[in-house]
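Here the structure is laid out as structure tokens; the discussion comes afterwards.
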Amino acid sequence: MSLRKIIHVDCDCFYAAIEMRDDPRLAGRPMAVGGSPDHRGVIATCNYEARAYGVRSAMSSRHALKLCPDLLIVKPRFEAYREASREIHTIFRDYTELIEPLSLDEAYLDVSDSQWYSGSATRIAEDIRRRVARTLHITVSAGVAPNKFLAKIASDWRKPNGLFVITPNEVETFVAALPVARLHGVGKVTADKLTRLGIETCLHLREWSRLALVREFGSFGERLWGLARGIDERAVHNDSRRQSVSVENTYDTDLPDLASCLARLPDLLASLNERIARMDSSYLPDKPFVKVKFHDFSQTTMEQAGAGRDLESYRQLLGQAFARGGKPVRLLGVGVRLRDLRGAHEQLELFPPK
């Protein structure tokens, strides 16, 4: 089994957390994000106060209100969730480019080759959790393990707002006690069948030969045999092509005016240029942009086609972006849109320069 360092990051009740962050009046009471009970709406997610009443994701809103009559259901704001997800992924990319998103609020990271914290996946996960909390004011749970299967289980082990680590030396003992219902790919039907066969834990499952499991479960029996031993060779796939590269910084003290923001630009641009220099040649930097998040979490992005990537161009963009809010700033970001050259052919100039 190859020794890798995989982190699974899962935001805690993500949609609900964003809503409670943006409207503190929602915190401390049962609330959910979902559709109207009058129109066969469904709960997308809910906070932990609502879960105490038995409310769950994918439950009909009508049934959720029967369980919890005081439940407040708010309409989803997907653009706000997408923006928060983009900010989280910006943090991820400081540590690795091997990121496999599973949804807006969940992703695998392969940090096997990361140089951060001398390659300590545990310290990287701790830093990610700290930065997300400081930057977005929401919590995430994380699991660290030698493979995806175990990392995902680990992230759920100490939810919410927890971190759990399974080291290579702990895999055999940890997996042996694991209920087979927790295995990746085991649904209710398979779990019921395993129970009828007297298989409750992975230790029981190890008593079955590979051939016997294949006879009983078909091709999935091969995977069951491996999972019972903590084996999962699936790679972290980063199939999506990037549309931009950027750096952001959340300041401990709000920047009070434009002059304070402009003073931070040189350091941000230096970090951006370092990141651009590490990119492969299949990307071409294009439009520059600036992002400003004000102290009240409102934000704006300003970009301009044809503008340069020099300090003065970014100063002008920042000035225009700041003018849209004119309030103290908690976060500044600078970046550039990318042209994806992979598989594309650059058009030759009709009259090349002499």
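The backbone N, Cα and C atoms fix where each Cβ goes, and this holds for glycine too.
According to Swiss-Prot, the domain 'UmuC' annotation covers 6-187, on the basis of sequence analysis. Here Swiss-Prot flags Asp10, Asp105 as Mg(2+) binding site, drawing on sequence analysis. Taken from Swiss-Prot, the feature site 'Substrate discrimination' covers Tyr15, and the record attributes it to sequence analysis. According to Swiss-Prot, the feature active site maps to Glu106, an assignment based on sequence analysis.
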Next item on the list: Could you say whether, by DSSP, Asp10 (Mg(2+) binding site) belongs to a helix, a strand or a coil region?
Entry: strand
Next item on the list: Among the recorded positions Asp10, Asp105, Glu106, point out the residue whose Cβ has the most other Cβ atoms within 10 Å, with all shown protein chains included in the count.
Entry: Asp105
Checklist line | Around the Cβ of Tyr15 (site 'Substrate discrimination'), the count of other Cβ atoms that are within 10 Å | finding: 26
Notebook entry, point to check: Where does the mean pLDDT land for the domain 'UmuC' (6-187)?
Noted result: 93
Next item on the list: Taking only the Cα atoms, work out how far Asp105 (Mg(2+) binding site) lies from Tyr15 (site 'Substrate discrimination'), in Å, as a whole number.
Entry: 9
Margin query: Between the Cα atoms of Asp10 (Mg(2+) binding site) and Glu106 (active site), what distance do you get, rounded to the nearest Å?
Written below: 5
Notebook entry, point to check: To the nearest whole angstrom, what is the C-alpha distance linking Glu106 (active site) and Tyr15 (site 'Substrate discrimination')?
Noted result: 12
Note to self: Tell me the coarse DSSP state (helix, strand, coil) of Tyr15 (site 'Substrate discrimination').
What the structure shows: helix
